[in-house]
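Notes to accompany the following structure.
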Amino acid sequence: MRFRCLFKYLLFIKLALIASSENPFLKDAENVEQITNSAECVLRLSGKYFVEKKALSGSIIIVSVNSKASAAENFLLRTMHGGKNYSIMVKNAFRQHANASHFPEKAKNYLMILKKKFELLNHLIQLSGLPSWNPLAKAIIYYRLKTGEKGEDVSKAFINELRHYKLLKSIAFIYSPVTDEVTSYSWTPYDSKNCAGKCKHVYVLDVCKNNNIRQLEVQRDMFPLDLKGCPLITYAIISEPYVMPPERKVANTMWNDAYEFQKGGEINLVKIISQFTNMSLIIRMSEKVENWGEIYPNGTAGGGYGLLMNDSVDLLIGNIEVTRKTRKLFHPTISYTQDEMTWCVPKARQAVTWDNLIIIFQWTTWLATFSSVLVMGLIFHYLHYQENRDTKWPTYSILMTLCMLLGWAAKFDAKSSQFRILMFGWLCFALNMGITYESFLRSFLMHPRFDKQISSQSELIDSGIPLGGRQIYRAYFETNNASSFYLYRKYNSTTFAEGIRRAALSRNFGVVASRKQAEYMDQELGKGAGLIYCFPESDNLYKYGVVLLFRKWFPMLARFNNIIRSVSENGLIDKWNEELFIHRISSDGTGTIMPLSIQHLLGAFMLIGILYGVSVAVFLFEIFLGFFKKNNRIQDVNVRTPSL
C-alpha cells in the first residue's frame with residue numbers, strides 16, 4: 001500500500017517536471033492570463049505586419065512549431081484561426097516533410113515559434129526545402145526571453161540568421177515574462193551605412209501589453225527608393241550589340257576584373273536602372289570569350305552562371321535566353337526585347353558578268369530569233385533571186401536580214417510590192433526586238449546578280465558545308481526527326497564570334513546565331529557590305545525573349561522589372577538599336593543600285609574580241625586560200641607551156 005502511494009507520488013512529480021520542461025513558454029500552469037495576453041498581442045501585431053497593403057484573406061501563413069506544442073502555442077494557433085481570415089499551414093521542423101510538390105504556391109508570410117534559439121536553424125532548413133519557399137515573404141519570429149537575455153541582442157541574432165537564408169523582411173516578436181510585454185523589433189537592410197549586410201542595429205516598432213499596442217516607430221522602408229550608392233554588381237559577357245567591348249579597365253577597386261563600358265543596349269539598360277535606384281554600377285568581365293558558363297547535372301555551374309549561383313554577382317547580362325535550368329536556378333527579369341535564333345550562311349557571290357548580253361533572254365527566245373533570221377534571210381534571198389538572178393548563195397541575204405534586226409545599214413534592191421511589204425514587216429519586228437533588248441539590258445546591268453543562295457535548312461544540308469555554333473544549341477537538334485538528327489551529328493561546337501567569322505570571311509560554315517548579333521557582326525566585318533545571309537523569319541529555329549538574369553531571390557527584382565517596362569514602353573531600346581544599326585543594309589543586298597563598270601560589260605567586250613578573232617582567222621584563211629590558188633595556177637601554166 002505504501003509502495004503504491006510512493007509510486008503515485010513519484011509519478012506525479014515526474015509528470016510535473018516533464019510539463020515544465022516541455023513548456024518553457026508556460027513555466028507554471030497557473031499563468032493563463034499571460035498566455036492569453038501574449039497570444040492576443042501576437043495575433044494583432046501579425047495582422048498589422050503580414051502582407052502589407054493587401055487583404056489578409058487568402059494569404060498563406062506558414063507557422064513552424066515543434067512536435068510537442070506548449071499550451072501557449074496551442075492557444076496562439078487557436079486564436080489565429082479564430083481571429084483573422086488566414087490560410088494557415090502548420091509545419092513541424094523536427095519531422096521529415098512528405099512530398100509537397102502538389103502545392104507549389106509561394107508563401108506570403110512566415111511565423112516561426114521558438115522555444116530555444118537554436119531551433120530557428122531547424123525551421124529554416126525545413127522550410128527552404130519546400131516548393132512554397134519564398135525568401136521575399138515576411139518572416140516573423142516569436143520567442144520568450146530566458147533569464148539574462150536581452151530582447152535587442154536576441155532579435156539581432158535572429159535577423160542575421162534569417163538574412164543568411166535571404167529573408168530580409170524580418171521582424172522579431174520578443175516576449176518578456178518580467179514586464180509581460182511583447183516587443184516587435186525590425187531593421188533596415190538598406191540605409192546609408194548598410195547594403196543588405198550584417199544586421200548591427202535594430203529598432204522597436206511596437207510594445208504590446210494587455211492587448212493594447214503602443215507604436216513607437218513606423219516601420220521603415222526595407223528597400224527604399226534611394227539606395228544611396230549601394231553596389232549593383234554585374235557580370236558582362238561581350239555580345240555585340242547587346243554588350244559592346246569595354247573602354248578601359250577600372251583600377252582602385254576590390255575587383256580586379258572590373259571594366260568601364262560605354263556602349264551596348266544592355267549596358268545602357270543597367271545604367272538607367274542604377275541611376276533610377278541610385279546604385280553604384282560595377283561591371284565585371286571575364287578575359288575568356290563568351291564565358292556564360294555551363295550548368296552541370298549535379299546542380300553546380302561554371303563561368304558567369306557559377307558566379308551568379310554563389311552570389312558573387314547580382315546580375316548577368318549578355319543576350320541571355322531563359323531555359324528551364326536557368327529559370328529554376330536564377331530569377332530572370334521580364335523580356336525587354338525579342339530576338340530570333342536562326343541559321344546564317346555565306347552570302348551568295350555575285351554571278352559572273354561575261355554572259356550579261358546573252359542571259360537577258362531565255363535560250364528558247366534566242367533560238368526563235370535566230371531561226372527567224374535564217375527563215376527570213378532565205379525568203380529574202382528567194383525573192384531577190386527571182387528579181388535579179390545574180391547569185392545562188394543566200395549568204396548576202398541572211399547577213400542583210402541580221403543587219404536589219406540589229407538596226408544596222410542594209411541594202412536590198414526590192415522591186416516587187418510583196419518583197420517591200422515583207423521587208424517592212426521585218427523592220428517592225430526588228431524595231432520591237434531592239435527596244436525590248438535594250439530595255440532589259442539597261443535594267444539587267446543596273447542590278448547585281450547573285451548565284452543561288454542557301455536559304456533553307458534542306459538546302460543547307462544539300463550544300464554539305466560544315467555547320468555548328470555554341471554548344472548549348474546543339475541539344476536543340478537532338479530529336480527523332482531525320483534532318484535534325486543529321487544536324488545533331490554534324491554539329492561543330494564553336495564560339496559565336498568564330499562561327500560568324502568563318503561564315504563571313506572563310507565562306508565555309510553555317511552557324512546557329514542570334515539574328516541581331518549576326519547582323520551587327522556582318523555590318524562590322526563587311527564595313528557596310530553584307531557578307532552573310534541569315535534565313536528568313538519563316539525558317540527561324542525559334543524566337544526568344546532577351547532578359548537580364550538576377551541571382552536567386554534578388555530582393556529588388558520587382559522594382560527593376562518596373563524600370564525595364566518603363567524604358568521599353570518609352571521606346572528607348574528601339575532607339576539604341578537604331579543607333580547601332582545606323583548603316584544597316586538590306587537583308588538580301590539586291591536593293592542597292594550599283595554604277596555600271598567594265599565588269600558589267602565584260603560580256604560585250606568578250607563577244608567583240610571573239611568576233612575580231614573570228615574575223616582575223618577568216619582573213620588569214622582567205623590569204624592562205626588565195627596563196628594556194630595562185631600557186632596552183634602557176635604550176636598549171638608551167639605544165640602547159642612546153643620547154644624550149
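Here the Cβ of each residue, glycine as well, is placed from N, Cα and C on the backbone.
TrEMBL lists 1-21 with the feature signal peptide. Positions annotated as transmembrane segment by TrEMBL: 363-383, 395-412, 418-440, 601-628. Annotation source TrEMBL lists domain 'Ionotropic glutamate receptor C-terminal' at 363-609.
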Chain residues outside the transmembrane segment (363-383) and at least six past its termini with a C-beta under 8 angstroms from it: 394, 396-402, 405, 412, 414, 416, 418-419, 422-423, 426, 429, 433
Chain residues outside the transmembrane segment (418-440) and at least six past its termini with a C-beta under 8 angstroms from it: 360-361, 369, 372, 376, 379-380, 383-384, 387, 401, 404-407, 412
Intrachain neighbours beyond the transmembrane segment (395-412), with Cβ under 8 angstroms and 6 or more residues off its ends: 369, 373-374, 376-378, 380-381, 384, 419, 423, 426-427, 429-431, 433-434
